[in-house]
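Lifted from TrEMBL, the feature list:
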{"type": "DOMAIN", "residues": "51-143", "note": "domain 'Galaxin-like repeats'"}
{"type": "DOMAIN", "residues": "151-249", "note": "domain 'Galaxin-like repeats'"}
{"type": "DOMAIN", "residues": "251-348", "note": "domain 'Galaxin-like repeats'"}
{"type": "DOMAIN", "residues": "352-446", "note": "domain 'Galaxin-like repeats'"}
{"type": "DOMAIN", "residues": "452-544", "note": "domain 'Galaxin-like repeats'"}
{"type": "DOMAIN", "residues": "552-648", "note": "domain 'Galaxin-like repeats'"}
{"type": "DOMAIN", "residues": "651-748", "note": "domain 'Galaxin-like repeats'"}
{"type": "DOMAIN", "residues": "754-850", "note": "domain 'Galaxin-like repeats'"}
{"type": "DOMAIN", "residues": "905-997", "note": "domain 'Galaxin-like repeats'"}
{"type": "DOMAIN", "residues": "1006-1103", "note": "domain 'Galaxin-like repeats'"}
{"type": "DOMAIN", "residues": "1152-1248", "note": "domain 'Galaxin-like repeats'"}
């Protein structure tokens, strides 16, 4: 028995296993293990320490320093003093819970979290966040996620205002507003230069000390701001002045009024009465309108033109050359050499044997004066005179003319009184006015034609195509295509085949097609078809209402109501908003397609249905593949249920009433009288958390209103105390003590022990069985078995750390630097520099300043600096003026850095060496990139220009030259031919006083004038327009085209069929001679003439006027002297004063009437058209139609295409009534009735006796 008791004292049976008893009499089983029920409890076969003396649900609750809390954060739940928090998302600092900043903890007293980034507390509690940055809200403010400095300690709207040195301004230029010291300006139109607001030049900024802005153009400044603007150019006001937007050179250093004065030899002279014609000739003013200066002398102009008095002469206000030197004389407006010519009647005539004569009655023949035979038509033949109208001279012999023309009988032939070239030698014959060779040609109606295979033919009906005689198709427009004829007005030839024109256009039928009169590219080769004006491949597309659509599985459809989805025709759902999802149509305004499945839009938004869903018009992340919506949240139906748009966890996989029940250990338990806000579970029971707490699935009353952990705490006189000795702990008044080391007497504990050793609690304390110093009742604390002063130290992870200015921190994430908690962002490499931390692998500390390491090495910033990873010593450069340029230092007072290179400043100014350069201390824009050079204070391109005596001159090709003695002509240096009159013509120099240049050639002046030899010809010492180009000739002082005109007695006439004609009797129409009709009333229509007072021309045809009016034959027609629209196209006919289409209508007594049945005319007096058939009128004018039957509407009426007689002169419904005599009888339900005098009867049951009486059919008494 004693052995059994001994075994029970040390062991216990748990689920059939003998295990060591833990806790003596308080031992209990948890699965196959024992535990001391005074300090632990069992939950789901796992042992947990009591929370104070309370049990709790470790899945949903957590014990924090003896207080049971709901488990916040699930598996990541952590304690912060007596509260539970989510350790994954939050952290604990000085017994307060703060949210982590992007999964990192920080010191909230020194840092702040701004959009998942740790930022310093720049101003204590007044620090705020602006997006991911912190700022001092006492000096700055946040607007639209940007930090702005307060303006005089006030916030403002930076979109409408700007603060410039504590001065408010309405933002000029909106987003382009900037500050220029204390003033605001619009940077899109202005810029700031040394505290002054300067308008931009166009869109460019510039240095006002070196440039000027003239009407949006950047111009150089001159002197010390002595440049001024004149229009779009600048000028040096020391030497020039501006007048009327033009720059003028000062006269002797003085400006003057251009209107009243001018400069003459560096002296300002009044214009006097000369006005703007005042000019200077060797310090002498003169009127340039009537005078000119030549060789320092003033001469009167010739008309309004100056001239060279040594080379020219003024004849009747016209400049003419001195062609005979001192012997030159004038003949009206022309000059001549009096040694060779004389003037007679205003015309220059050559001397005859050095003698003058009377050209009216005499003629000069071979230097012999002879009497003039034939008057004005007289000519010379040897020394004799003859009449050129009647005869001609050949070999010194006079012959009679052919008609009115001379000819060479051996080379020419006289045909119909006209001289023509002889064709065919001796066998030549005449065909009208033409000569021809009868061997190869033949004559037909006065025209010569080439024989066709040695045969002649009628050209009006036949033509020759490749030596084959074919019928002429198209009349004058007939053309050949291989061996066939066609009309070029309607057809064309391509690859020896005839095709119809597309409108009036030819095309390549293999590459193009004609669609509705327009040529378009052929799509689909031989399968090409037309759709309106477009071509398409009918094997892949179809045409509907003049639009091309792709076939749907080789089938056409109506795109207005049908959509083709993956080869399947679907009804168009949503009209124009319809789209395809796989092979189904849907309305894209309310639905969308995802992974070939149609989903409804969420507030018109598309989304990924695999990861999101639409809950109550809000897009939320999907809780799972089978998730559902609860209000605006997604939930998993296997874990939660929804009630009144709120989520609740399922209770044993089942829903319950969350307002009246609670789910405890998988069982739904009614709350009873416990308020819902205080209700909680304890095992399978519900208890009131306001007055009770749960311990080991057992409900206990709170201790003074507080729950506690029986494992580590006990309740002594309504006060929760920590257990001093585990299950040996007892109460002594308001103190807990370890009964193994202490006892209680008069509510006081005596005899302190620590691991069996006695210690003095006034100077010592017991920590984990180890005696340590006592730092007073408020500051003494234990960290494991180590005692520490909690006022100056703190415990973290079982290790004691010094407080940082009395603050605790996480040593893994923070560091204490001179009493400030700073972020440890460099791990073991983090060090302190004053009150800041730094990563010693990237920085070093010097005089409490953090400086980047230079290639991993520290340095003395007083003597050196780091430039691009290279250590640079200041040397003789004072450190305040030293700056880095890549790896080198420079003195920024005299140098500047650009593009990694050091440049010397231009005066005191830096500039962009890529686009600017320094010329004599002035910054100017480069004119030639790398080839730019300076000429004085200006830049020039040394490739194309050079500098000579301070002036920039363009090179001649690649050569320089002296402009005073040479000219640059098209890249070639040429000597100045003609001195000051020298000019260039292509690559040569010429004297412009004698010649002129046109194109690349020089020409002598025409009477002193220049002209365009291509457009003008010199006739009578005056340039006139060249009519006919290179074939132009002169007729007196006029030009004419010798191909189409001829000159006779100084008059120009038009050739017609290359012949002369009498313009008083004939006119020429398209090179064909026609007699005149009424003089000036005659006009041409193609090759025909017509009288314009009776006819007009349209499309090459002569048509009579319609009551003296023209009209369009295609759209109008003349009917009874009235222009009316043309109806019926080419078939149109007239009916009185109107036109009609005879395929649809006919004319009857000047009235247009529709054809009957669309094909038949008829006599309206005796017939009418009924439903497409001609019927005889049965009532004259009172006849109407009933379907195809005529009827007199005064005696009959029509009902449902049948004719009925009026009943008493009134129509009726034959279905509901019947007319007997003149009486209307009712017809019930359309019954079959007959009449018996004026009464109706049913013949199936009644009969009409003697035509007057109705009797029953089988009633013999009535008979």
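The backbone N, Cα and C atoms fix where each Cβ goes, glycine too.
TrEMBL: automatically predicted annotations, no manual curation.
Contact between the domain 'Galaxin-like repeats' (51-143) and the domain 'Galaxin-like repeats' (651-748) is present: at least three CB pairs lie under 8 Å, with pairs separated by 6 or more positions in sequence. Highlighted: of the candidate stretches 352-446, 552-648, 651-748, 754-850, 905-997, 905-997 has the greatest count of Cβ pairs under 8 Å to the domain 'Galaxin-like repeats' (151-249). Relative to the domain 'Galaxin-like repeats' (1006-1103), the listed stretch 251-348 leads the set 251-348, 754-850, 905-997 in CB pairs under 8 A.
Here the domain 'Galaxin-like repeats' (151-249) has, by DSSP, the following mix of helix, strand and coil residues: 3 helix, 48 strand, 48 coil. Applying DSSP to the domain 'Galaxin-like repeats' (754-850) sorts its residues as follows: 3 helix, 51 strand, 43 coil.
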